[in-house]
Amino acid sequence: MAKAVYLEHYLDSIEGLPYELQRNFTLMSELDNRTEEQKAEIDKLAEDYVANVKNLASEQRVQHLQKIENAYTKCKEYSDDKVQLAMQIYELVDKHIRRLDADLARFENDLKDKLDSSSQESSDEKRLKKDKSVRDKKVSRTQKDSDPDSPGRKKVKNSPNNTDLAMHPSDVLDMPVDPNEPTYCLCSQVSYGEMIGCDNLDCPIEWFHFACVGLATKPKGKW
């Protein structure tokens, strides 16, 4: 859009340039014709002077030479006018070239500013996405920590008999043990009462009785 505006303004500024150039070139052409006419007249005057110089009186010679000098002066004036017109044409074209260069420089600066702004917006979007990703990870980690079944949480296990009765290890020692039932804890006894699980996935024991690890109730909070 900016490019179209710059181009439109520049085309408007040079709309009259062709007519001005045509006028000046026409004037130069007319000056050329006048100069050629004066040169032809000078040649004729010079031939007449050379042919009749012996027969001319001193005063007539001076008058004849004065005509030739006037013709040369006229040619010089025409030539000077042509030079002035040529300089006007040059300055006229140069003015539009300088304006075009200035418009191009402004357009390039505007384009650079827009690219920098777009790059900054893109950088801000990337930073926002990165911040959102970090926040999402934090939320996910928080939810994971609050999940009682997640590996990062301590686990409490009830006995296979689903009983809430507290049992003492001495009571269990007096009970007959099924050889097919798995054993746990430091005491190598079967599961009973409330138990707490180890977070270490490579732990060979996995589960411990509250009493064997010095616990009376389920721990509270995050630990």
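A Cβ is built for glycine as well, from the same backbone N, Cα and C atoms used for every other residue.
What TrEMBL lists as domain 'Inhibitor of growth protein N-terminal histone-binding' is 6-107. Among the features that TrEMBL reports, region 'Disordered' is placed at 113-172. Here TrEMBL flags 123-152 as compositional bias 'Basic and acidic residues'. What TrEMBL records for Tyr184, Met195, Asp199, Trp207 is site 'Histone H3K4me3 binding'.
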Would you count the other C-beta atoms found within 10 angstroms of the C-beta of Met195 (site 'Histone H3K4me3 binding') for me? 21
Quick one: average pLDDT across the domain 'Inhibitor of growth protein N-terminal histone-binding' (6-107), no decimals. 88
Among Asp199, Trp207 [recorded sites], residue with fewest other Cβ within 10 Å: Asp199
